[in-house]
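According to TrEMBL, the features are:
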type: REGION; residues: 1-34; note: region 'Disordered'
type: COMPBIAS; residues: 21-34; note: compositional bias 'Polar residues'
type: DOMAIN; residues: 65-468; note: domain 'Major facilitator superfamily (MFS) profile'
type: TRANSMEM; residues: 67-87; note: transmembrane segment
type: TRANSMEM; residues: 107-129; note: transmembrane segment
type: TRANSMEM; residues: 141-161; note: transmembrane segment
type: TRANSMEM; residues: 167-189; note: transmembrane segment
type: TRANSMEM; residues: 196-219; note: transmembrane segment
type: TRANSMEM; residues: 231-250; note: transmembrane segment
type: TRANSMEM; residues: 286-313; note: transmembrane segment
type: TRANSMEM; residues: 325-345; note: transmembrane segment
type: TRANSMEM; residues: 352-372; note: transmembrane segment
type: TRANSMEM; residues: 378-397; note: transmembrane segment
type: TRANSMEM; residues: 417-437; note: transmembrane segment
type: TRANSMEM; residues: 443-463; note: transmembrane segment
Amino acid sequence: MFQTLLRSARESGRSSASTSNLTEQSASSHSNSIALTDGQGSLTAPTRPSLLVSCESDQYVVYKVRWVMLCIFVVFSMSNAFQWIQYSIITHIISDYYDVPSTTVDWLSMLFMITYIPLIFPATWFLQVYGLRKSIMIGSFGNMVGAAIKCFCVKPNRFWVTFTGQLIAASSQVFVLGIPAPLAAVWFGPDQVSTACALGVFGNQLGIAIGFLVPPAIVHTSTVESGLRTMFYSVAAICATIFVCIVLIFKEKPKTPPSASVAMENETEQGSYIQSIIRLLKNKHYLLLLISYGMNAAAFYAISTLLSQIFLIHFPGEEENAGRIGLVLVLSGMCGSIVCGVILDKTGKFKMVTLSVYIMSLVFMIAYTFIFQLNKMWLVYVVSSLLGAFMTGYLPVGFEFAAELTYPESEGTSSGLLNASAQVFGILCTIAAGHLLKDYGDQPANLLLVAVLLVGTILTAFIREDLRRQEARSEHPH
């Protein structure tokens, strides 16, 4: 789900010794090997002059291995997001097979929102104390265990087993959603950090896209049990492989900070986690973003959860097209996330980009509300793609805007609270829209989400553009 959890896996503060260490590292660039360490071990590879790329000055260095770290996280995030949506897109099949109401199946999706709220605070504290590597390891382990448990639920009387597996996988999400921002800050230079954050969100959206596409393609009414087995066993194998890769390959942080702002954070005493939370909640512009971000993400969660039910009202028997609509919604969102990240890196216009994307999300949510009445499937595809592009494109923008408004607080803490807000609003919107859908039809349900986005747009307009991280970089370019 989306985009966000945690971080305090900052590199240790660099003193004047860091400059001399870098000089020694540069002098050895023609030797046989170079060690990349994270304080927990080392990875030795053949030395190539291109392994290090200067960023801002010789003191700040970015490593090519940063892309490996990002890719590993993207795949992990993808596997967790797939488990979130894998039931919702085939709600009618799951409901019939386990003989439970469709609203009960909806709870398999809402578990990801419910568990996040109480777990985000201890999880963020854990990230700040123990770092990125251990946090991601715990998350991927829970993700693997949850997927494995679901391999034993393929019997009509074992809904409680699939619920248990989903609960464990959902609990692991606290070590997924807020990771993109701190991971990008720790590993990437200032001209790539927004793009890297967008790519981190990209993984979550890719998992949702696959979750929309695969279940309807392999789980059919006539072959429910064999289809479920194929899906559950495959996901469990993939999650186990990801966990092994994280244990063996994922590193805590690079040897040297990638930018001046990260180096300054490393050398600044931030105080306790509770104090950090208090400072964030006293920042009124961050509070406006906290609420508006939650509303935008909540609307997306509700749309994703109820998509299949709404689509099949207007296009009965088109289960696979319902999955494809979801795929289009998310694929366009992935493109929107990357484009928005690049625009932020190039322009630094955080307020303008955030508000523009929010307004367009509102516009296409209105179009999505009424397009079903025309019963033109191709129009649903078009509007869904545009809605996804802006609504999902907003997620990394929100993360990065929060990092700017709250610097030098931990990106993990600020993004974790954003995601907590998204879960709270997500639960409320999904339950309310679900009841409206059941009692009054899809149009009132979607109009509720239009109203939510309208309020979010107004709140966003009142946020002041206080770019503290940008100011720190300009004041300390070296």
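In case you wondered, yes, glycine gets a Cβ from its N, Cα and C as well.
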Beyond the flanks of the transmembrane segment (443-463) by 6 or more, those residues with Cβ under 8 Å of it: 285, 288-289, 291-293, 295-296, 298-299, 302-303, 306, 310, 351, 354-355, 358-359, 361-362, 365-366, 368-370, 372-373, 401, 405, 425, 429, 432-434, 436-437
Cβ-Cβ under 8 Å with the transmembrane segment (286-313): same-chain residues at least 6 beyond its ends: 1-3, 85, 88-92, 102, 106, 109-110, 113, 208, 212, 280, 319, 321-323, 325-326, 329, 354, 358, 361, 365, 368, 372, 380, 387, 391-392, 394-395, 398, 401-402, 405-406, 414, 417-419, 421-422, 424-426, 428-430, 433-434, 437, 441-442, 445-446, 449, 452-453, 455-457, 459-460, 462-463
Intrachain residues whose Cβ lies under 8 Å of the transmembrane segment (107-129), provided they are six or more past its termini: 1, 5-9, 84-85, 87-88, 94, 135, 138, 162-163, 166-167, 170-171, 173-175, 177-178, 182, 273, 276-277, 301, 304-305, 410, 412-413, 416-417, 419-420, 422-424, 426-427, 430-431
Local confidence of the prediction over the domain 'Major facilitator superfamily (MFS) profile' (65-468), expressed as mean pLDDT: 88
